[in-house]
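Note sheet for the following structure.
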Amino acid sequence: MSITIQSSSFRQFFTQKLLAAAMVSLLTGFIAVAPAYAQEKPMSTTNQQAALPRVLLLATGGTIAGSADNRGSGAYNSGAIGAQQLVSSVAGLGDLASLSAEQIASIGSQDMSDDIWRKLASRIQKAFDQGEADAVVITHGTDTMEETAFFLSLVLKTDKPVVLVGSMRPATALGADGPANIYEAVQVAVDKESKGRGVMVVMNDQIDSARGVTKTHSTSVQTMQSPNLGSEGYVDLGHVRFVKPAAQGQFLKLPEAPLPRVEIIYSHSNMDALQIEHAMADKAKGIVLAGMGDGNTSKAALAALEKAAAQGIVVVRSTRVSKGYVNRNVEVDDSKSGFIASMDLNPQKARVLTQLLIANGVTDPQKVQEAFLNGH
Ligand code: GLU
């Protein structure tokens, strides 16, 4: 029997860490590739389920529903495993909640769109308004999970918990993290302390707020972190422990898709005004600067941004740095230029808030700035 070793970093990781375990499996004849969700566990009986909290699971795809054709492979198809299979095959899930599952999309979250956001938001609001569910869990790719979580946190009107969950390894990988993450997401969703906390992300034993969370590592299972705000809590050997009080969010009406065009412009050395001029020519309604440091950029880019703000384009200064606030009027005179400082929000989240504000008719820089300060 021969073992082919591929040269991806994912492959190397598992080769180094887990070769011994894989060898034992292979030598004992376990050569079939069995996804982590394959062993379907029976759900609780109907009587038990009647007393359990009702959780609606909405599946959108991502690695958590990914499948590879061999266990050590770094290559896989996002969204190959359906919502029903995700729910019915995580051991013990049926003892935590009475679950129903629906497929909203089957995508890698790099393809997340305004249409799917609207679909998700409308379905969740309906489920809560019509008393169909006590909590919602959304399975989602990690690439844009923070944007979907933040979007939903702004447009949902509810005190019921909404938990986004993903994984970094596909279901077919050795050490797949999806099943444990789904279990913990449901644990958090049904915990009585979760009420009033809005939209959360649960991954790898950690609970993070929609506002605070961001993807910080391209491959590690400990990727979702809240660099500026810190985590909301932890799932500690079956115990849900919140370490922060619930924060007050803000509500913006769910607009029609597509959302207003808001561009993110990434700042770099030797920066000219071209990208900003293109955004203006493309009729962007807003520009978010992923600035250097405290939201800085070159003189040429700043002059172009001032022109954009003078034309009524909403200009927000955020930062390409992974941690820290962008404050008003430090090296840039925001008051004079009509700019908004993004505070704790990274460029991709600043974009979501700017889109929703513009769609709700809020474009005055002072009002936009107030919204950026609201809820952090
Ligand atoms: N790019 C895929 C996605 O975001 C996979 C990443 C993941 O789920 O962790 O859906």
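Every residue, even glycine, has its Cβ placed from backbone N, Cα and C.
Note that TrEMBL annotation is computational and uncurated.
As a whole-number mean, the pLDDT of the domain 'L-asparaginase N-terminal' (54-245) in this prediction is 93. The domain 'L-asparaginase N-terminal' annotation in TrEMBL covers 54-245.
Per TrEMBL, the feature active site maps to Thr63 (among others). Under the three-state DSSP scheme, Thr63 (active site) falls in the helix class.
Sequence annotations record features per position, and here TrEMBL assigns active site to Thr142 (among others). Of all the Cβ atoms in the protein chains shown, 23 others lie within 10 Å of the Cβ of Thr142 (active site).
Residues or ranges marked as domain 'Asparaginase/glutaminase C-terminal' in TrEMBL: 261-372.
Within 10 Å of the C-beta atom of Thr63 (active site) sit 27 other C-beta atoms, taking all shown protein chains into account. In the three-state DSSP classification, Thr142 (active site) falls within coil. For the domain 'Asparaginase/glutaminase C-terminal' (261-372), residue counts in helix, strand and coil come to 45 helix, 23 strand, 44 coil, using DSSP.
Annotated pair Thr142 (active site) and Thr63 (active site), C-alpha to C-alpha distance, rounded: 8 Å.
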